[in-house]
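Contents: one structure, followed by commentary.
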Amino acid sequence: MHCERFLCILRIIGTTLFGVSLLLGITAAYIVGYQFIQTDNYYFSFGLYGAFLASHLIIQSLFAFLEHRKMKKSLETPIKLNKTVALCIAAYQEDPDYLRKCLQSVKRLTYPGIKVVMVIDGNSDDDLYMMDIFSEVMGRDKSATYIWKNNFHEKGPGETDESHKESSQHVTQLVLSSKSVCIMQKWGGKREVMYTAFRALGRSVDYVQVCDSDTMLDPASSVEMVKVLEEDPMVGGVGGDVQILNKYDSWISFLSSVRYWMAFNIERACQSYFGCVQCISGPLGMYRNSLLHEFVEDWYSQEFMGNQCSFGDDRHLTNRVLSLGYATKYTARSKCLTETPIEYLRWLNQQTRWSKSYFREWLYNAMWFHKHHLWMTYEAVITGFFPFFLIATVIQLFYRGKIWNILLFLLTVQLVGLIKSSFASCLRGNIVMVFMSLYSVLYMSSLLPAKMFAIATINKAGWGTSGRKTIVVNFIGLIPVSVWFTILLGGVIFTIYKESKKPFSESKQTVLIVGTLLYACYWVMLLTLYVVLINKCGRRKKGQQYDMVLDV
């Protein structure tokens, strides 16, 4: 006992020293600015900090590749499908078409005897259409439904403690006795909905799968996740490959689709190699039920800065598994399609909300670095502090550099994006990943200020979420983007004014013209390819019924 405690203390000290040393090392490399390669007039340079970032991308891609090889090898691994599984679907003001597709995909799941529990966040007449769709698709004679005035934590109008207790017991009994059940309950947010499903199921099943009501599951998705959990008893949770259902509906959903593939099949695949996936996404995840009930109450009652948390439910659920020392994994063999915002403002609000939960959970996650591989500490430091280094670089270039420095920065952003997307194209076997290089512009222009705004408003959760039946447009997300564009525009004007005081040399003019032409050609080429792709694939997708998950 004393020996284990001593080893734990040593690991805490070791991981803390490693994380601090890594951050100080990166900061020193950034401040010193040592250059390996440097041309005359600083037209091009490659320094220590750039070398570190390049090495990170290479190492991350390598481990992702190795993890995908492991996934392919496990494809032939036979398993006994004798463990009980329950699928929990969280629904809130869902688009009827998406909900119907979701439930139809649930009926096609190949895992035998899977229990389905859908909980609707809201019990008003306006929410009844979701229960009707559930009964229609799952079969009125094969499913149970219940309109609950309460939820497990709040009483409805006119309810007493006794009636609340009786109704809670009725919900639990209904869930346990039915193969498919739909519960409408008093509004309380997604976490309340998930809690109802977890609480009602109790310890009656071995594994709990989570799913959102806008998600279409691949028939083999449950089987593939069960396979991962069965292979290693120290794996507490596993997530699958989330693809975009409405990728051709707008430019923002298309770029999100390539970003999703990169996030899951490079970043999370790399994390999975070390058993420390940071977030098992809500559309497709599975947990050991025995672990789930060790922390479900603490997960529900999570507080931050004195307020109960109302977002970041899936990320905190993953962190709770990691906090117990269990591994979290990713498998590309389990797939699903899910809806993503097609309007820029709704996407921006979504990303801001996700950034809030990321930074909040980063602090919680740091307490468990010592229980996992050093890669978890390493990646947390790199991804957590990278936006701050990037902002410092941009402001410095735009206000203290030259016109060529700004142009070179833009070219470098696209070059790095092209290199990374080219590797992704090879790994996926699909040229569409080349458009990932366009996402880097979206990151620089919108995600970067959204992250800073998320930190500044991290304890505010009164905006950013809406159902899909009624889309709520919130313009507050434009504030940080507008401020960021003003800062950048001011830097460009200041640099041009400063440079205009001295006449450009002939060599400088040539470099600027060539650089501008290269940048313009890049955009013309990518935008042309985008238009061709949308005209070709967009029309085909409009008539597709999505009977199966397709990776196109």
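Heads up, the Cβ atoms here are built off N, Cα and C, so glycines get one too.
Taking H, G and I as helix, E and B as strand and the rest as coil, DSSP gives the topological domain 'Cytoplasmic' (1-11) the counts 10 helix, 0 strand, 1 coil. Residues or ranges marked as topological domain 'Cytoplasmic' in Swiss-Prot: 1-11 (among others).
What Swiss-Prot records for 12-32 (among others) is transmembrane segment.
Per Swiss-Prot, the feature topological domain 'Extracellular' maps to 33-45 (among others); the stated evidence is sequence analysis.
Sequence annotations record features per position, and here Swiss-Prot assigns transmembrane segment to 46-66 (among others). Tertiary neighbourhood of the transmembrane segment (46-66): same-chain residues 26, 29-30, 32-38, 265-267, 269-270, 273-274, 375, 382, 389, 416, 419-420, 423, 427, selected by CB-CB distance under 8 Å and a gap of 6+ residues from either end.
Annotated topological domain 'Cytoplasmic' per Swiss-Prot: 67-374 (among others), in sequence order.
Secondary structure from DSSP puts T110 (phosphothreonine) in coil. Under 8 Å, Cβ to Cβ, and six or more positions away along its own chain, T110 (phosphothreonine) finds P219, A220, S222, V223. The phosphothreonine annotation in Swiss-Prot covers T110 (among others).
The ubiquitin cross-link annotation in Swiss-Prot covers K190. Proximity of K190 (ubiquitin cross-link) to non-local residues of its own chain (separation of 6 or more, Cβ distance below 8 Å) is seen for A90, Y92, D121, G282, F311, D313, given in sequence order.
For S221, the entry in Swiss-Prot reads O-linked glycosylation site, with the evidence type similarity to another entry. Residue environment of S221 (O-linked glycosylation site) contains 29 other Cβ atoms, counted within 10 Å of its Cβ in all protein chains.
Under 8 Å, Cβ to Cβ, and six or more positions away along its own chain, T328 (phosphothreonine) finds V235, G236, G237, V238, G239, Q271, S272, G275, C276, V277, Q278, I280, T318, V321, L322. Residues annotated as phosphothreonine in Swiss-Prot, with similarity to another entry given as evidence: T328 (among others).
Listed as Cβ neighbours of the transmembrane segment (375-395) (distance under 8 Å, sequence separation of 6 or more from its ends, same chain) are residues 15, 18-19, 22-23, 26, 30, 49, 56, 63, 270-271, 273-274, 276, 278, 322, 359, 362, 365-366, 369, 409, 444, 448, 451-452, 487-488, 491. The feature transmembrane segment is assigned by Swiss-Prot to 375-395 (among others), with sequence analysis given as support.
Sequence-distant contacts of the topological domain 'Extracellular' (396-402) (same chain, at least 6 residues past either end, Cβ-Cβ under 8 Å): 42, 409, 487-488, 490-492, 494-495, 499. Under the heading topological domain 'Extracellular', Swiss-Prot lists 396-402 (among others).
Feature annotation from Swiss-Prot assigns transmembrane segment to 403-423 (among others); the stated evidence is sequence analysis.
Marked as topological domain 'Cytoplasmic' by Swiss-Prot: 424-429 (among others). Counting residue by residue with DSSP, the topological domain 'Cytoplasmic' (424-429) contains 5 helix, 0 strand, 1 coil.
Within the same chain, residues 254-255, 258-259, 261-262, 344, 348, 351-352, 355, 387, 390-391, 394, 413-414, 416-418, 420-422, 424, 477, 480-481, 483-485, 526, 529-530, 533, 551-552 sit at least 6 positions outside the transmembrane segment (430-450) and bring their C-beta atoms closer than 8 Å to a C-beta of that stretch. The transmembrane segment annotation in Swiss-Prot covers 430-450 (among others).
Residues or ranges marked as topological domain 'Extracellular' in Swiss-Prot: 451-475 (among others). Taken together, the residues in the topological domain 'Extracellular' (451-475) have a mean pLDDT of 70 on the 0 to 100 scale.
Residues 345, 348-349, 352, 394-395, 397-399, 401-403, 406, 445-446, 448-450, 452-453, 463-464 of the same chain sit 6 or more residues outside the transmembrane segment (476-496) yet have a Cβ under 8 Å from a Cβ within it. Swiss-Prot lists 476-496 (among others) with the feature transmembrane segment.
DSSP assigns S221 (O-linked glycosylation site) to a helical segment in the three-state reduction. Within the same chain, residues 42-44, 57, 61, 258, 262, 393-394, 397, 433-441, 444, 491-492, 495-496, 499, 508, 511-512, 515-516, 518-519, 522 sit at least 6 positions outside the transmembrane segment (403-423) and bring their C-beta atoms closer than 8 Å to a C-beta of that stretch. The residues of the topological domain 'Cytoplasmic' (497-510), classed with DSSP into helix (H, G, I), strand (E, B) and coil, number 8 helix, 0 strand, 6 coil.
Within the chain, the transmembrane segment (511-531) has long-range Cβ neighbours (under 8 A, six or more residues past its boundaries) at 43, 251, 254, 403-404, 407-408, 410-411, 414, 434-435, 437-438, 504.
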